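Novice: Reproduced below are the annotations present in TrEMBL:
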- B:61-85: transmembrane segment (TRANSMEM)
- B:91-115: transmembrane segment (TRANSMEM)
- B:136-157: transmembrane segment (TRANSMEM)
- B:163-192: transmembrane segment (TRANSMEM)
- B:204-223: transmembrane segment (TRANSMEM)
- B:264-284: transmembrane segment (TRANSMEM)
- B:347-367: transmembrane segment (TRANSMEM)
- B:379-399: transmembrane segment (TRANSMEM)
- B:420-450: transmembrane segment (TRANSMEM)
- B:456-474: transmembrane segment (TRANSMEM)
- B:495-514: transmembrane segment (TRANSMEM)
- B:520-538: transmembrane segment (TRANSMEM)
Amino acid sequence: MVIEEIVLCLRDLKKNYGTKEVLKGIDLTVHRGQIIGYIGPNGAGKSTTIKILLGLEGDFSGKVEIFGEEVTEKNIGYKRKIGYVPEIAELYDNLTAREYLTFVGELYGMDFQTADEKAQRLMKVFGMEEVYDSRIASYSKGMRQKVLIISSLLHNPDLLFLDEPLSGLDANSVMVFKEILAVLAAQGKTIFYSSHIMDVVEKISNRIILINDGKIVADGSFNELKAQNMEGTLEQIFNQLTGFNEYKALAEEFVAIVQEV
Amino acid sequence: MKNFQTLKFLDLFRRIFESFGIDYPVMRKILAVKLTMDGRRTPTIFNQQAKKKKKPEENGFIKSLGMYVLLSLFLIPIVVFGQNYLYQMSILFGIVMFLVMTSMISDFSNVLLDIKDKGILQTKPVGRKTISAAKTVHISIYLFFLTAAIAGAPIVAGTFKYGILFLLLSLIGLILVNLFIVVLTAIIYYFILRYFDGEKLKDIINYVQIGLSVSIAVGYQILGRAFSFIDMKITFSPSWWQFFIPPIWFGAPFELFLGSHSNGYLVIFSLLALVVPVLAIVVYNRMMPSFERNLQKLTNNSGGGKRKERRWKQWLTGVICRSNEEKVLFRFSDNMMRNEREFRLKVYPSLGLSLVFPFIFMFNEIQMNSYAHLVSSKWYLGLYGSCLMIPNAVTMLKYSGKYKGAWIYKTAPIQSLAPLYSAALKVFIVNLFLPVYLILSVIFIGIFGIKVIPDLLVVFVTAVLYTIICSNYLKGTLPFSESFEDAQQSGGAKILLALLLIAVFIGIHFAVTFIPYGVVMYYILLLVITIFAWKQAYKTIWNFQ
């Protein structure tokens, strides 16, 4: 039996914002090559977890290890092997794609030429070679998202954090990107995929973690979850586990109000 | 990306940065990116065709330094004439502090309060130290240029007169002053952020910006007049309250080393000038982590907004708006103008000026003659000063920080967009012009007596007419549909011409005061013209697509 390499390890992770407890003890071990679907309702603590893993948030209790290194404010070396697509498309959009991507590449320790050449080729694959020297501010939402995706992969990371990475992409690009993820995972990259679109999570992840109110409430492959919860789709499992079952009533109320005029 | 001269200069100090454990090449790259971005403006969606031709990249800030250089020439006499170092240098440092602080708050707030950096830079393998060093150097580069522009000329002049020791003291003093200001600003933000949420902070910054720009403009007016009063031979009498006036700390070393006086007070002041900035930095470093944490508040808006029911506004909407569409758009424009910070920032300072200008003229008059003379004169025409803000405000109506929301006009089933424009103008008159006008009117009636009421009414109608003329003449696109970043390009010459028109109105009004019942007749005539003009304008100019 092959000993699976541990990429990420959380032990009793807790975090407060003032008096509000956002994470109430998360325990999680992630192995190499997994695609983790990290889901949960708004405010459950998904983004907070990712922020802690990226070293954006300090002041937590518990142990956080990535590639066997403990995540602290001083330790920045592990970030070299991480790629990140944030939920909100935050980038310096006054720069051109060339300027932004080479800048990010250089921050990850690549030299300018390599980063430039690689970025240009990746842009070409996404069909954006003409706008490589235009400012990102003039891009459409999908194009910005593609730039973010390229910037997260430019340095060939081993661990990827993707927060709603498909937002704004058209159906064809979504297919390309899903395939990219599958190939990356097959080559041993680990992917932490966070999204609200359950169908996609259901299809691409080989392990799903559902977090609700700061705690992990479900952990396993889609089939395992299905067997445990007797529900047909991930969406239904999600509704059941987060205790939400009034969607029909709410929808009816909504439409009734719309029709009042 | 350009290779910036500033960064080449910075390369000389590479060793120093590295000895503090900063990754210099990375810091340099971050700075290059920041400087590149500073020189660019984001394009507008509505204007893309118009601005196809690429303009050379220019840094608006560096360009604006010319103003400061001009101002600095007026500071030379303060430094060169007179022999009271403490007094002269305190004034110089006071002015420098004030200008740098203003600039700090209005131009660098976005640097200090940047939260984008966190997501982009901190997720990369870049140390915190390097990121904060880049931030500090970024601000320092601008502070350097700013300080050089303001203090350069007077310091050079002073050096010629007082020698090299003066130069040395000045340089040290200016560096310390800048440190002090940066830290002070950061600490102020820290406390605001600690007790309020982000929206409140943005509001406070906004009002500070408005307040400062008004006081600068007024300050220029008063400064010029104040010179005649200043007696350069004021003797120094130390007292305890001077400990609380930082410019005096920084003025003290000059008296101590160059002047003939030396006493305990001066030594203490000089020490304060050295110790306080250093201490401030230590405190700042301690607070930095929790400051960064509080910065996160900028993104979330805790605390639900309050909805204020305003009866009189509802009533007014019914009175001055004819169609239903116009009422809707009136409420919309009302909300936009009251809530939009950038709009307030661009327009409120001129509101403040309008409020102050009439009095500046009148003080001049009082100085030359007497108060009794003023009361019997026709200086109540100074109320026209309140019209000064109209051209500026009318041009600003078309801008919005959230101009991209303007698609709503095109998708909504509105027949014509004309009511949008007239509604925006009505809101402007009610919300912005009327308060200034009323405050001034009350004061003017207090000064000149009730006999000027007809004249004041004439001014109001003229203002409305003037608004129509300005909106016709300075006509732009739809209200709230363009980015403020384009605002700088709109013609200043046009506004100047529009301002000249006020002089014409004043002239006519002045003339009719000599005719018996002239003012009343003029008033009726104006009223007719204004109503006619409004209707006419409604039909023709505002019906563009």
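Keep in mind that glycine also has a Cβ here, set from the backbone N, Cα and C atoms.
Automatic prediction, not curation, is the source of TrEMBL annotations.
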Novice: Would you say the transmembrane segment (B:347-367) and the transmembrane segment (B:61-85) are touching, if the rule is that at least three C-beta pairs must lie under 8 angstroms and be 6 or more residues apart?
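Specialist: Answer no: the transmembrane segment (B:61-85) and the transmembrane segment (B:347-367) share fewer than 3 Cβ pairs below 8 Å.
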Novice: Out of B:136-157, B:163-192, B:347-367, B:456-474, B:495-514, what stretch is closest in contact terms to the transmembrane segment (B:520-538), meaning most Cβ pairs under 8 angstroms?
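Specialist: Checked against B:136-157, B:163-192, B:347-367, B:456-474, B:495-514; highest Cβ contact count belongs to B:456-474.
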Novice: Can you work out which residues elsewhere in the same chain, 6+ from the ends of the transmembrane segment (B:264-284), have a Cβ less than 8 Å from its Cβ atoms?
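Specialist: Same-chain contacts beyond the flanks: 86, 173, 176-177, 179-180, 183-184, 186-187, 238, 242-243, 246, 248-253, 255-256.
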Novice: Do the transmembrane segment (B:379-399) and the transmembrane segment (B:136-157) share at least 3 Cβ pairs closer than 8 Å, excluding pairs fewer than 6 residues apart in sequence?
Specialist: no
